[in-house]
Amino acid sequence: MTSVLPPFVQAASGSLGAASANALTYPLDLITTRIQATEKGISIRKQIHTYGLSSLYDGIGADTSATLLSSFLYYYLYSFLRALVVRGNGKSKAAMLSLPQELAIGYLSGIASRSITTPLNLVTVRLQTARVSNDSSPQGGTSRFTAVCKQILREEGLRGFWKGFSSNFVLSLNPAVTLYLFQQYRRVMLKGRERASPPPGHSFVGGALANSIAVIMLYPLLLAKTVVQASRRSNSTNNSSQGPSIRSSLQGIYTAGGFFALYRGLGAQLFKGILRQGTAMMVKQRIEQLVVQAYLRQRALRRIQYKG
């Protein structure tokens, strides 16, 4: 970004990059989620000894599906909306928009994509935290995914699949800020060469730095969202059995551990984000470069055929 390729190409490259990064960093993502949700340290050695190496990939199917769908929708909507705004402003496709315009486009794209993928994200969190929350759901494969869905539906109804969604009205600033900062980094590194693409190493560093800044800004909400989504409703029928809200989770974490408790697991989150976002941006840029190279090669072949 800022890419001049069609929305579908940007969406496809972005989703493939995100899925590749997700597969690479998934064990770290799972451990980070368990740290955030259970308020206690996670012994990787003990976990592997007790549940086996495969336990580090609990929920990877649901998470990969959510990542592919969310990233595809986000990049497609972002590039489509951005093209409309650029056209309305009479600028070139690669031109930078103002900060409010860039953030607004990214924010709207984030809200739209997360509204669709929140159910998959919720199921992923439940699968990731089941072993440390003494959940009785079946372990492994499609049967476990189905069991978790049935459990959510039985306990909280259809609306329960969007548990914690209210936090997205703020957290959708995360991808918007990340993408804007990455564009600024790219602009500085390329020194005005609008149609050039940064080398893979620069894409990795830019994506990692941009994501780290965005995560630090919004981390307490990320933590509270994980706590809310990991919570199970009690079998009790009284009103106090209802799960926590984003606000009550933030208050509870702060009351129990003070200000620094709101950043529980931040180190793991940042390390995961550096690898994940850096890899995602690097793969995305590389795929777009290959698409452009293939187009130019095909165009050159056609010119040779016409001359012949």
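Please read every residue number as a count from 1 along the shown chain.
Using the three backbone atoms N, Cα and C, a Cβ is placed for every residue, glycine included.
All TrEMBL annotations are machine predictions without curation.
Feature list (source: TrEMBL):
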type	residues	note
REPEAT	5-84	repeat 'Solcar'
REPEAT	97-188	repeat 'Solcar'
REPEAT	198-290	repeat 'Solcar'
TRANSMEM	66-86	transmembrane segment
TRANSMEM	160-182	transmembrane segment
TRANSMEM	202-224	transmembrane segment
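Tertiary neighbourhood of the transmembrane segment (202-224): same-chain residues 36, 167, 170-171, 173-175, 177-182, 185-186, 189, 246, 249-250, 253, 262-266, 269-270, 273-282, 284-286, selected by CB-CB distance under 8 Å and a gap of 6+ residues from either end. DSSP states for the repeat 'Solcar' (97-188), grouped as helix (H, G, I), strand (E, B) and coil, give 75 helix, 0 strand, 17 coil.
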